[in-house]
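Here the structure comes first, spelled out in structure tokens, and everything after it is commentary.
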Amino acid sequence: MDGPAEPQIPGLWDTYEDDISEISQKLPGEYFRYKGVPFPVGLYSLESISLAENTQDVRDDDIFIITYPKSGTTWMIEIICLILKEGDPSWIRSVPIWERAPWCETIVGAFSLPDQYSPRLMSSHLPIQIFTKAFFSSKAKVIYMGRNPRDVVVSLYHYSKIAGQLKDPGTPDQFLRDFLKGEVQFGSWFDHIKGWLRMKGKDNFLFITYEELQQDLQGSVERICGFLGRPLGKEALGSVVAHSTFSAMKANTMSNYTLLPPSLLDHRRGAFLRKGVCGDWKNHFTVAQSEAFDRAYRKQMRGMPTFPWDEDPEEDGSPDPEPSPEPEPKPSLEPNTSLEREPRPNSSPSPSPGQASETPHPRPS
């Protein structure tokens, strides 16, 4: 099966990159609300989100990757791009990730790009209540990737320190309070995952977790291939797995977001693909923060099915053979924070093959 064709319109993405550079100089680090959900000013607008919600431009062979921010978006994009090309890495090595899987809701979004070839691969962080309405009467497919929300908090906190469009996260305690109240970009993690899980059981919806990919990447890739109706032979499958490890993505300038201007993503202050691990929250949460999170989680997720991160919160998955080489020097949400972490048992995180995050705006998140 043929995957999407590479660059369709001469000069389109050159113009796009110019737009990004101009926009990135004007990011105020403030939020506006669309139907109650917070969005960063600059990369999003009322008009761009309304277009994503109300467009009729949905094709039956469209593939949507849906995540809450910092839940594995980059990883899933890389995997699906490789699947669509039957393991051939030339596409992921030559075309920026935001061009391969443009965002639905950014001001230069997937639905505003002309003449895209099928099948289209698109990304979104939108909660289900404002996602593209036309999808729900189509045969288009959604892959929703979840992640331990404790790891999401840590990753989003660090990302907020380098992303020009986001508010300064403040202290670790303040950021955790904001996260638990849904006062962060794209709103409540709890509402996001609970909303999308209403789709579970439908033929065009796949729910998979970061932790499942970490524990069994090859098996997870085979599951995704089955969902997409794109089975791969042994050699192609091995290539998908090999080229979607954390180290492979971190070394790929088309996937690690280092092509973005510092005003949008300041890599001098930290890497977008930071560690690529599961369980890193144990190196950052204080006991008090962990207890506060657990209380909110139990209340919000009562009646929901068990997730991989619920089975034993003190146990991590098996280690990845290619862990990130960069150790975190001080255990806290932020280095040198005044919040000292009390000792926790079994607090060593296990490396994972890839960390996602996120961007047709090359909005990494």
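Glycine is treated like the rest: Cβ placed from N, Cα and C.
The model shown is predicted, which means the values in this text are computed figures rather than measured ones.
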Can you tell which of Ser318, Ser324, Ser348 Swiss-Prot marks as phosphoserine? Ser348
Check Swiss-Prot for me: it has Trp98, Trp103 binding substrate, so pick out which one of His125, His158 it puts in that same site. His125
Whole-number answer please: how many Å between the C-alpha atoms of Ser247 (3'-phosphoadenylyl sulfate binding site) and Trp98 (substrate binding site)? 19
Trp103 (substrate binding site): tally of other CB atoms within 10 A of its CB: 29
Cα of Thr73 (3'-phosphoadenylyl sulfate binding site) to Cα of His125 (substrate binding site): how many Å, rounded? 9
Trp98 (substrate binding site): tally of other CB atoms within 10 A of its CB: 29
Kindly assign Trp98 (substrate binding site) to one of the three DSSP-derived states: helix, strand or coil. helix
Pop the Cα-Cα gap between Lys70 (3'-phosphoadenylyl sulfate binding site) and Trp98 (substrate binding site) into the table, whole Å please. 15
Here the binding-site residues are Thr73, Ser244, Ser247; which one has the lowest number of other Cβ atoms no more than 10 Å from its Cβ? Ser247
